[in-house]
């Protein structure tokens, strides 16, 4: 079966011996760590709303404000086409993609907890600078600091959640990251909806409120335990076992702890984890987890809607308040999608959600493009019925994304990498994700201006391609222990031709790859 082969229980090493209970200590750890998603989500939601506020535009982008007023009574694809304005949004992601590599070193040497704390501190100071910004330079500096915070938190939090969670419920708990991201988007849109009425400084309150999730995560992180995987990796075996017993709620953790020891011993032989990602045994993780999924997560077109939902709705002829209200509705659909995925992904699997939602998202993008081609760009405001239809289509698209590419785009890569390349692999995941996030943020408005409805047909084609990518290349990872994921590729119809039995390598690094 294409893409569907995976290892059965007899092939796995000790998975059937793992024991666990859901403890309060474990729940607390996951909830605090997952606050990292709220940093990412709040920024995704707040930036688009702020850039649509008249007070913000008058102070920093008066040319855009004048153009907006000139087109106040008509729809126009090019109303917000300004590269400095889009740089305000995208600069954060350029900062994140650079500092994720610093986060990788810190995550591996000092642990996941250290990176989470660094992320909270940087995000806090970035929010302060943005709230008190007096010119565009201060805005960009603040955004870069926010990007540093997101680079650290997005690198560490998915790893933390995947390593802390038992194999059978890993999908559910890892997706707390996506749930808090969606909740951050929703809260940001609600804040924007309220502050838009506060003149002339409401936008400062929107940007400054980003300090709240940063404070909550930073203070909570001080009480977090380090993951057992990281403690073992650092040579703190006794402490690692104690934490494992505490989060699993049982002292019978011999099998799981033995797997952690084995993985750690292999990891210690790797002097250059980034180089080791290039070996044949890690080729599937590199192509699927580090490059494919994080790239495709952004090429769905979802983030173009998240960044610029208020701007996009205003371009369609919605009033300022109505556009922000419509953004609240779409972000609510994301939250419902994330909750749906959390409840069902460990039952139905990752592949099912990826493939089914890709089909839906393709249909919605085509419907959006056709509607805009027939009814939009004629210099008149869209009829109310058409506007409502577009909001419904966008909400359905958000719901499909919210239960598939949104949460699984972080869950699946965090599952795939072996311990020796896990922090390095996650850094590439974040880097690739941020590169394409920044490109979408920087290019969407100019693409909307010049390609018009055609941009959504391009997104539809990309969604069709990425659904096929998953169907053929991703094995099902549900309920497979994270230290035994590599066995799936040894039994996959395509990847087994490349990785073989896992003993081959390219002489790049590791025990068998070190030059004689």
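Keep in mind that glycine also has a Cβ here, set from the backbone N, Cα and C atoms.
In TrEMBL, the annotation transmembrane segment applies to 114-134, one of the ranges 114-134, 135-155. The range from 324-345, 478-499 that TrEMBL describes as transmembrane segment is residues 324-345. Listed ranges 2-20, 59-77, 173-191; the one TrEMBL annotates as transmembrane segment is 173-191.
Taking TrEMBL as the reference, the stretch among 260-280, 386-406 described by the feature transmembrane segment is residues 386-406. Long-range neighbours of the transmembrane segment (352-374) within the same chain, counting only residues 6 or more positions beyond its ends whose Cβ lies under 8 Å from a Cβ of the stretch, are 300-301, 341, 344-345, 386, 389-390, 393-394, 396-397, 400-401, 403-405, 408, 452-454, 456-457, 459-460, 463-464, 466-467, 470-471, 474. At the 8 Å Cβ cutoff, the transmembrane segment (427-447) and the transmembrane segment (203-224) share fewer than 3 close pairs (sequence separation 6 or more) and do not count as touching. Taking every recorded stretch in 114-134, 173-191, 386-406, 453-474 and counting its Cβ pairs under 8 Å to the transmembrane segment (324-345), the highest total belongs to 386-406. Mean pLDDT across the domain 'Major facilitator superfamily (MFS) profile' (29-478) comes to 86 in this model.
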